[in-house]
Amino acid sequence: MDLVATILVDGLIYAGWLFIVSVGLTLVFGVLNILNIAHGSLYAIGAYASASLVGAYFAAGGQAFPYGSYVALILAAVLVALVLGPLLERGLLRFFYGRDEVLNVLVTYAVFLILEDVMKLIWGVNPYFVYEPYTLLGDVEIGPLFYVGYDFAVIAAAIVVGLAVWLTLNRTRIGKVVLAVIHDSEMSQTMGVNVQRIYLGAFMAGTFLAALGGALTAPMISVTPGLGVNVIIVAFAVVIIGGLGSVPGAAIGALLVGISRAASVHLLPEAELFIIYFVMAIVLLFRPEGLFAKTQVRKI
Amino acid sequence: MRSKLFLGATAAFAVLAAGSVILPDWAMFLCAMALAKGLVCLGIVGMMRGGVVSFGQGLYYCIGAYTATLVANSFGVSDIFLLTLLSALACLLVGMAFGPLLSSYRGIFFAMLSLALSMVLYGSLSKMSVIGGTDGLNIAAPTFLGWAPEGRPLQTALYIYVVAIVVIAGTLMRIYFDSEQGLITLATRDNELRVEYLGASVRNIMTYNYVFGAVLGGIGGTIAALALGHVDPEFAFWTTSGEFVFVAILAGYLSVPAVFVAAIILELVRSFSNLYFPNTWQLALGIFLLVVIVLLPNGLGSLVGRRKGNAA
């Protein structure tokens, strides 16, 4: 019983983190039709930016009000989105719209390689630690098990992010416009939609979510180079399982991957890396387009 | 047409083999590795002609490398011909198992499913401490039909061996590309539905291309393992596969020699940027990749094709 509970809680924590990282990827794919490998770098940059900002916050006497460091975390993600979003979308990606999907994967792979080194140039190769936000929320006791409160804050953040994205897309005017652009960007343009702006907005939102994923993770780990390499490939698995461009799909994919990974960690540790891609391969074999994707019309 | 092809192949062999005399040790090793990887990329190009790109060719590169290593270490086999044959056979079997399955996927889904398969292998190998885990395994230097050279002769022999394989594989693939099957592949790229209506089976063609890619990947992996003397799970990691795709895109699907030229260019760019910008070689590689995609969307092969078009 304890084992099942442990697996579920661990799985949920991992799934929450995965969802935040993956939903941006699926959003960008849904709107721009680009599978963004550089998403992993944006995640890593988010982690570095938040480590720096939180570090600066405490250096500037933030100890008086340590909860302000959470604002710093989110602010870091916003900053990354404001700087890198327009730079990458306007400066590069817009020249590749409508080109072959696989070629575009390679374009973002190039961006990924470039950003990996840019990060080393800016932040160096030594690890960054910002543990303060992680310990602030205390411990949570579930039966005989102890968890760090921050882990549950990540789950909460994932739920907020998921609801926000879903509500924006389905319940607001701008969301309807975005869905129209996804459905048929040319037709939307003739109807007077500023498609360029929607693309930019969607990419910035995706960048923000990637950076937010990194920013929220930074307190839990030591931020080192090469952070993005493994993240992107797991996020890929999640969005492919759920169906590219589907927000509910990303949620289900994250849960599926999160819980299977947790189960494997506790039951069969050797299979930890294996299991994620195994689940992805199985899902693709039976649902070639993923769980939630429709064959013709892409949906968010 | 055929005689021209064989003449070209012989010339290519002569030119490449001459490298064994002229090239210094480091360059010969670099070329041998580049040509071995070029074999893997040739397989991707074969699939690219049908409009799909495998992002997981590291799977076969790795299976080939590990098959050779495990056979060499457990049975004491060191003959390079036998090792290559066994690895190719292993990849043929795996390719024949996955080929029919993958043949109905297109575009990003083909790419991602092939990537998932290679990552499954990566994940499994990293955790299998019996065969070295993430550290990998060492493999002894190969022998050539009983001849066991060392030092420079070993390097030369290995290099000549790669060159011979490359020329043979390149010629065979060219013949295949120009065959009925190969032309159907090309037609599939333009319009799959039309090909089906004309009575050809696109799935069969895709399977053939995939299996050929698998065998080429295995051979490339074996040679790379023997040249390096070491294998590890990184052979199946997605960044390795990404490099293969990069070479295939750089080469384009129009020309076979372009694949190997592209492979050598990539190794050169990597080595030199590693040497001159040790901390920013990925940055240099990324910029190079972007420049290629922007300036040569159809790859190096299109340069040759364009010139031919003008002459005709």
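Cβ from N, Cα, C; glycine included.
Bear in mind that TrEMBL entries carry predicted annotations, made automatically and left uncurated.
Per TrEMBL, the feature transmembrane segment maps to B:27-46 (among others).
Taken from TrEMBL, the feature transmembrane segment covers B:58-75 (among others). Listed as Cβ neighbours of the transmembrane segment (B:58-75) (distance under 8 Å, sequence separation of 6 or more from its ends, same chain) are residues 37, 40, 43, 83-84, 86-88, 90-91, 94-95, 114, 117-118, 121-122, 125, 131, 137-140, 213-222, 224-226, 231, 233, 235-238, 240-241, 244.
As annotated by TrEMBL, transmembrane segment applies to B:81-101 (among others).
The feature transmembrane segment is assigned by TrEMBL to B:108-125 (among others). Beyond the transmembrane segment (B:108-125), the same-chain residues lying 6 or more positions past its ends with a Cβ under 8 Å from any Cβ of the stretch are 52-59, 62-63, 66, 98, 102, 131, 133, 233-234, 236-238, 241.
The transmembrane segment feature in TrEMBL is assigned to B:158-177 (among others). Cβ atoms under 8 Å from those of the transmembrane segment (B:158-177) belong to residues 5-6, 9, 12-13, 16-17, 19-20, 23, 28, 31-32, 35-36, 38-39, 42, 46, 49, 80, 84, 142, 144, 185-186, 212, 216, 219, 223, 226-227, 256-257, 259-260 of the same chain, restricted to positions at least 6 beyond its ends.
Feature annotation from TrEMBL assigns transmembrane segment to B:210-229 (among others).
Taken from TrEMBL, the feature transmembrane segment covers B:244-269 (among others).
Residues or ranges marked as transmembrane segment in TrEMBL: B:281-300 (among others).
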* Among B:210-229, B:244-269, B:281-300, point out the range having the most Cβ pairs under 8 angstroms from the transmembrane segment (B:81-101). => B:210-229
* Can you say which of B:210-229, B:244-269, B:281-300 has the most Cβ pairs under 8 Å with the transmembrane segment (B:27-46)? -> B:244-269
* Are there residues at least 6 beyond the ends of the transmembrane segment (B:210-229) whose Cβ is under 8 Å from a Cβ of it, and what are they? -> 29, 32-33, 35-40, 42-44, 46-47, 54, 57, 59-69, 80, 83-84, 87-88, 90-92, 94-96, 98-99, 102-103, 138-142, 158, 161-162, 165, 169, 173, 176, 235
